[in-house]
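Worksheet for the structure shown next.
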Amino acid sequence: MQRLILSHLVISFFLLLTLGCGGNNPNPAITNDSSELVNDDSLSLPNTLPISPINNPVIASSPSLPVETDAVAVPSNQNTIEEDVSNGSNTMTVDERKANLGLLTPQPRDQLIHFLSPREKINLGLTIPLLAEIIPYMSPGLINKLKRVNDFLNMHITELIKEKIIKDLYEKYDENKDTNATFLQLAVRKGNIEAAKFLIGKNSLNNRDEYHKTLLHEAVTNEHINMVVFLIAKEADINTKDKDGNTPLDLAFEHKNIEIMKLLLKKEGKFRDDADDKKRSHLLKILNNDNRPLVVMGLTLLHLFNHNKEYTSKTNASQDAIDTGNSNHVNTSPYINASALHLAILEGNLETIKLLINQKADINSKIGENYTPLHVAAYIGRKDIIKLLIDSNANIHAKCNDGNTPLHYATMLSHIEAANLLLEQEAEIEMPNDLWETPLHIAAEQGHLGMVKLLIEKGADFNTQDKEEETPLYKAVKGGKIEVIKFLLFEGADINTKNIHGYTLVHIAAEKGHSDILMFLLKNENIHVQVRDNRNQTPLHVAIGSGNLGVAGLLLNYGASMCDRDDQGAIPLHLAALNGNMEAVKLLTSIGPLPQHIIENEESTTLIIQTRLGINTNNELGCTPLHHAASNGYIEIVQLLLKKGADINIKNKEGFTPLYLAVMNNNDIHLITTLIKTGADINIQDNQGNTALHFIVQKERFELIRYFLSNDPNVNIKNTKGQTLLHIATQLGNIEMVKKLIDKGADISIQDNQGNTALHFMFQKERFELIRCFLDNAPNVNIKNTKGQTLLHIATQLGNIEMVKKLIEKGANVNISINHHGQTPLHLALEKGYTGIARLLIENGANLNARYKYFNTPVRLILKKGYTELAGLLLESADKQRNSPLHLAAQGGYTRMVQHLIDAGAKINLDIDFTNRDGRTPLHLSAKHGHRAIVQLLLDANTNIDEQDCFGLSPLHLAAREGHQEIVELLIRVEADLNLQNNADHTARDLAIQKGHTAIAGLLP
């Protein structure tokens, strides 16, 4: 159906072109000839035709098109058409052209009118999408006709139009939306050879995309072998590299496409320069194992590494390599790091090997992991090749990278005759590899009894040890080779051998689960079932740890103890519980029948069972098997252990109970409820004083919190920091949790080791929502922590006036100091600049003259910091020296504050309520300290200029004595009494002279 619709679209398009190009037949013949249409199964169409019904109303209007309209004949007389156009002939009227669109519905007739007249306006925006939709599915012949018709219409398919076609097609139909790709790249990716043929050019063949990939890279990546053939035929660069340095052969190797690899190798394709030997060797293996081991695509393996010609004979191939006269071809390969000699041995071709040796091939050349030709020969077990190589001076003791000699490889593959030949040729029988393994170690572990016998017959030491101190007998037990074990023991091998970890034969048999071997060994009187390794583990520990229950049962039958401890203090039951091995736990907790008199005594029975099973045994961390099971969430094991009498409330060294560990490790609530219902104490504290509920609250596990609280825990238990559950919950700020705890009786006034209550934490963490809810429940808001802070101090420091107000309403003491320095909340507010809070505190009785360190009173702080908005609150206050705020402001030189105080009504003349202890007015202090501006303010306010203090000093006396000439001049101008004497009968002039202020003295009489 898809091809039918496509055919209809293409031919309808050409009918339009023909009608618009001067065709004279008003009723063109309808034919079923669609020979020009694509009918190649190799070109796959998409599941749904990639043509929009809107742009292609032929499809939209006719889902099942009549057969007679499937194809329209293109006029055969092309010359006539061209002549008509060249003469400007256009005999068909627009109406006639419309009439000839009868097979189309009205919608396309209106849309495609412009195609019918090349002299009229041509809508390229409509033309190009149509071309884009048709081109990928057209045969070359049809494309050529399209090109001619376009020439006729003066619509040449320029490079610009091609690019527009590509973009339109790619944006509409490519599922990956790769807008950077060209249509040629799309064709290659899709494997569309016909489209590629149409679009490809000399310059575009080796063009690269942003990743430096060429078309050949794309074809290989998408595994289109026909496209690869096509591009190679077009002379694409076969060894070009992409941005990552990969050649097409590298990409074929990554995709494991053997056929493409063969094709590229045949055309001298190469790996990237830094390809490792493993990659090259793996390719050799792929090619050699593909159907025919000796010939790949008509090429011998040897040929692949010399010349790219086809041969029918391996010998001919080798001879050709020799005949080239290039000796490098005998010993090297441009593709894989393998010599021709290695490959010939791998193929087993004796004649080729002889030819290569005669041509001086390197008899000891190395490939891959430093394998020599003799290694390869020993590996395949060919005596004749081995003999030939040895006779040609091959190094019989050569080692590859892992230290294995040819004898190791012959032993490994159980090539007895090959091994015997090597030994006869004086191969060293005790030569170790890098793991210190001799050939006998390898033969024993792999169970090659015949090889073992040969090696021992030739004098191999059956008690030699490898790097792990394992003997051949140990290796045989490890590999489960019973016959080899029996033979070696018969020959006198040491049955009590141990490896470097102290593992005996019984240990390794237990670890590997070799029951038959274990039974054989246990029958030997020299074998001890309780033997220990370096970790102090018995074979039963090892069997349980490895999950080999059959072996464990066998060991128990032979008297293995279930209560032996390893160096971690663990018994086998610990390991079973830790690994979650229910069957192992069942095995270890089963017990034989007890005497009747013990059974009748229930208490004795329980004690004996627990003792025999070691069910409450602590390891070095203090953990019992129940701790392990609970910690890891093994509920069935927990239930079984409890049934067998495990102590549910036993603590480990950190003070954790099984319940605590179950909680800590986020285990299922079902396990936790099981423990609690079985008797787990939820109030037990660990070494830090925390209960399981402390941990749950800290982790905010609400489901568990609700369950624990439903079991009536002690919610006021303190940990070693003195913190209760409520302390923790308030720090987290969880209002629901705090509510539940208070509902359960949590005491909000309990102090921790730092003296903080839960409310302290609420304030410190700024949990204001919690404070609003629970402040009313606080019995005492004046509790101090160890820093001396009350809630009011903290709220003040935070600058939260709402909280300060609530605390004052609740009865907070506004004058309580933090420490012996005397810092009150008012000091804190003023230091922080919280004038609103300061006003609130002052209005509620805060002491303005409370001293803090350095004699800082709130009044002094207000004046110093210039909080003029608080000036009105200072009028009636005085310090211990009876200094009013105006005194202090005048003395300190706080001009703005003096002005505000005067404006607020401060008394400026002598008054017992507002004179300081020395009887001085603010004018005295400002004159003494040289604050001219303040002196002027006070004078303007009509202060008494001649008032004398307790010493008889007037402001003029003080200004003259202190050398403040401007103030002296100012006081003279306002007619201060110049002759006034102090208690010592000194005038202002006398004091100026005494102090050496001659200029001032000159102003005074």
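Just so it is clear, glycine is given a Cβ too, placed from its N, Cα and C backbone atoms.
Nobody curates TrEMBL annotations by hand; they come from automatic prediction.
Positions annotated as repeat 'ANK' by TrEMBL: 211-243, 402-434, 435-467, 468-500, 535-567, 568-592, 621-653, 654-687, 688-720, 721-753, 787-819, 821-853 (among others).
Per DSSP, the repeat 'ANK' (402-434) is made up of 16 helix, 0 strand, 17 coil. Confidence for the repeat 'ANK' (821-853), expressed as mean pLDDT, is 88.
Below 8 angstroms of C-beta separation, residues 369, 372, 374-375, 377-383, 386-387, 390, 396, 440, 442-443, 446, 448, 450-451, 454-455, 458-461, 464, 466 of the same chain, each at least six residues beyond the ends of the repeat 'ANK' (402-434), sit close to that stretch. Counting only same-chain residues 6+ beyond the ends of the repeat 'ANK' (654-687), those with a CB under 8 A from a CB of the stretch are 621-622, 624, 626-627, 629-633, 635, 638-639, 642, 648, 693, 695-696, 701, 703-704, 707-708, 711, 713-714, 717, 719. Within the repeat 'ANK' (821-853), the DSSP-based counts of helix, strand and coil residues read 18 helix, 1 strand, 14 coil. Through the fold, the repeat 'ANK' (721-753) approaches residues 688-689, 693-694, 697-698, 700, 702, 705-706, 709, 712-713, 715, 759, 761-762, 765, 767, 769-770, 773-774, 777-780, 783, 785-786 of its own chain, all at least 6 residues removed from its boundaries and within a Cβ separation under 8 Å.
Broken down by DSSP into helix, strand and coil, the repeat 'ANK' (621-653) contains 16 helix, 0 strand, 17 coil.
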